[in-house]
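Swiss-Prot lists Glu10, Asp39, Glu52 with the feature Mg(2+) binding site, giving sequence analysis as the kind of evidence. Summarising the annotation, Swiss-Prot assigns site 'Transition state stabilizer' to Lys54 and lists sequence analysis as the type of evidence.
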Amino acid sequence: MNRDIGKSAERELVSILRSEGFNAVRIPTSNSSPNPLPDIFATKGNILLAIECKSTWEHKVKVKDRQVIKLFEFLSMFTMEGRALIAVKFKEIHKWKVMEIREIKEVEVTVDNSIFLENYISQFLENYIPQAGRELSKL
């Protein structure tokens, strides 16, 4: 992913998360950084999301296991309940889709094996933040 395109996608995702009531921050760092830092982290309630962000015109994106490891290492530094996510802006459909990662391995995120960001947020609010309400703006 081109750096400028990547930065733009990360900023867009942070903006969406903030509009849904998350505290969200983009971490501007290089993939070569030895520190276990996600592209974005977001919190709501006592839940911490570590997010690897991608943007593509293709129908799939591969995420190397070293990027997944960084998400889990980042989450392990905090006592909050953590979730590792891959968020992909599939530009052909003009939508964000996400995949929650539960184990360390190379991951392929496709249009078909991921869920729309708005659906993930809705499920997140229902399952983890029941008192937060369930109304979502259109993404």
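Backbone N, Cα and C define each Cβ position, glycine as well.
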Legend entry - Glu52 (Mg(2+) binding site) in three-state DSSP notation: strand
Inset, instruction - Could you round the CA separation between Asp39 (Mg(2+) binding site) and Lys54 (site 'Transition state stabilizer') to a whole angstrom and send it over? - result: 9
Inset, instruction - Ten-angstrom check, please: count other Cβ atoms within 10 Å of the Cβ of Lys54 (site 'Transition state stabilizer'), all chains counted. - result: 22
Legend entry - Neighbour tally for Asp39 (Mg(2+) binding site), based on other Cβ positions within 10 Å of its Cβ: 25
Legend entry - Pairwise Cα distance for Glu10 (Mg(2+) binding site)/Lys54 (site 'Transition state stabilizer') [Å, integer]: 8
